[in-house]
Amino acid sequence: MPLSFSCATRLGGVLTVCLLATQPALAQLTEMPAQRLGLVPLPREVKAYTATYALPQKISIYATGKDGSNVAGLLKEMLTGLGKTVTLTSTRAGANIALLTAATPNPEAYQLTVDQQGIRITAAGGPGLFYGAQTLLQLLPARSAATAPVPYVRINDQPAFRWRGGMLDVSRHFFSVEFVKKYIDLLAAYKLNTFHWHLTDDQGWRIEIKKYPKLTQVSAFRKETLIGAQQLFKTPAEFKYDATPYGGFYTQDQIRDVVAYAQRRYVTIVPEIEMPGHSVAILAAYPELACKPGTYETWTMWGVNEDIVCPTEPTFRFFEDVLSEVTALFPGPYVHIGGDEAPKTRWKESAAVQEIMKKEGYTDVEKVQGWFNRRIEKFLASKGKKLIGWDEILEGGIAPSATVMSWRGEKGGIEAAKMGHDVVMSPTTHMYVNYGQSPKPHSPYEPLMIGGYIPLDVIYNYNPLPAELTPEQQKHVLGPQANLWTEYITTPAAAEYMLFPRLLAVSEVAWRPAAGKSYAEFLPRMGQQFARLDAKKVYYRVPEPLGLDSASVVRQNGKAVFTLRSLVPGAQIRYTLDGHLPDETTGLYTKPVAVPLNKGLTVRAVTITPGGRKSPPAELLVN
Ligand code: ACM
């Protein structure tokens, strides 16, 4: 057996202790496909081996410094949750897990080694150590287990993009601090590092601002909410409302608590304070900020509202006051100012806006929004913050150092990058995770939703770097972001259903270079995450069985033969041929099934997970 040495050097190299080890070095071990580890996102370089390190019941974690101690503390919480007894130590010798620092150019890069000496994570500092720890957790059992054999690995990893985002709209429906923390945990577990918190909109203002108490007394509440999917009604006259007051907000103490929680997990929060559009909730409390005097109410339906704030001095004072409090609460570099969907109906009718146009020499009212944004940008800069906005901010003349979040496709992002602005790619075509997951619009098996159909493969195959940008321009693409708008998402479970498993595909879009992605190879790795999501009590959408589509069905001897498989390990597939919805009592799929052609039979099949959860049905009319 080959020998290997492990040496510990005391400061200055005065004393060097080398231990002669008789265990095999990694180079002499049997390799296995990295794929089998089931990691999401797949690290940049992985070597995996069949040998395992037996992580004992009592574990010690070695770490030094503030970041090392932070990550060690988080690992301790996670491992304690897996039934281990964990101590933190500042003595390297004998530690089962060592968190080590070494200079690397990318602060998010890390190395993870598991071998006979135990587990070592090496990184420049906190973020890298944290991501190494997340990868390690995915090598451990999903739940408390008597033994935890950790496969020997040598992993070298770093992200493709700096901005790896997930947005949550808490205005249309309010989400508790507890759920916001869970969302942040889930982002971080899949190495997403940016939480875009959409805090204000027509349907509710959700952040306490000390100087404007009516924002949380009035704007945070609406008197009722539209029932049903708005786009299915022909005219507003058909709308029905639930006659139930709705609202909520975060106190500044709660915001500070969430910020600290995110910081511990190396997640940057980007707060969004919408302006000048999506602002009727502000007018409900402060109607003097409207162009037209009147009474306004926090909106009870969805869409784009023509009642927006007027771009006059009192409005600037309002937003500057609000942003002073917001910038003091959020330590991250960016503040999102919205900027989307701001109709100029009221501005066109306003003498005050005409006055601004005359003074600035504008003939196009859209230019007033650009002027407004540039003033806000200057104010944010005075607070040391950068402005980011939806791609409409390009239209009225963009603020010089603004970052653009491209949502109406990639066009805005491409244009902005060509102009030298940084961009975040979150196009509705690929990154809107509130859009549907069933090919059938308004499927009876899916929740109410808005928008089109964005299945997993469409997300997975998204490349945030548009081909028409030069390599130099591509450097302005900070990364991708998934958006979750919540018009029809009223509970944490409903949010999780839309987010998972699609967020796993987003994770890989953000972490992997496009050339290193393969959807076919992603699916089985994703499958291995379901047990982890179960352990975290995440209400993911159980994927329907694969193979029930006309391209996969084989027609022979007057029959259609279908071969099904599930993406969920250990799941059952149940099916019916009589039009009923399959359940635990209907046919158990064990081998390919032949169905006579031309009898008008519909095959329906569902996945039933080991935990008993069911997928929506896959279905095919056989003819
Ligand atoms: C948006 O979806 N209105 C940015």
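Glycine is no exception: its Cβ is also placed from the backbone N, Cα and C atoms.
The feature active site, proton donor is assigned by TrEMBL to Glu341. On its own chain, Glu341 (active site, proton donor) has Gly277, His278, Val304, Glu392 as residues at least 6 apart in sequence with a Cβ closer than 8 Å to its own Cβ.
If you look up TrEMBL, you'll see 38-158 marked as domain 'Beta-hexosaminidase bacterial type N-terminal'. The average per-residue pLDDT of the prediction over the domain 'Beta-hexosaminidase bacterial type N-terminal' (38-158) is 96, rounded to a whole number.
The domain 'Glycoside hydrolase family 20 catalytic' annotation in TrEMBL covers 161-513.
Feature annotation from TrEMBL assigns domain 'GH29D-like beta-sandwich' to 561-616. With DSSP classes pooled into helix, strand and coil, the tally for the domain 'GH29D-like beta-sandwich' (561-616) is 0 helix, 24 strand, 32 coil.
The annotation signal peptide is assigned in TrEMBL to 1-27.
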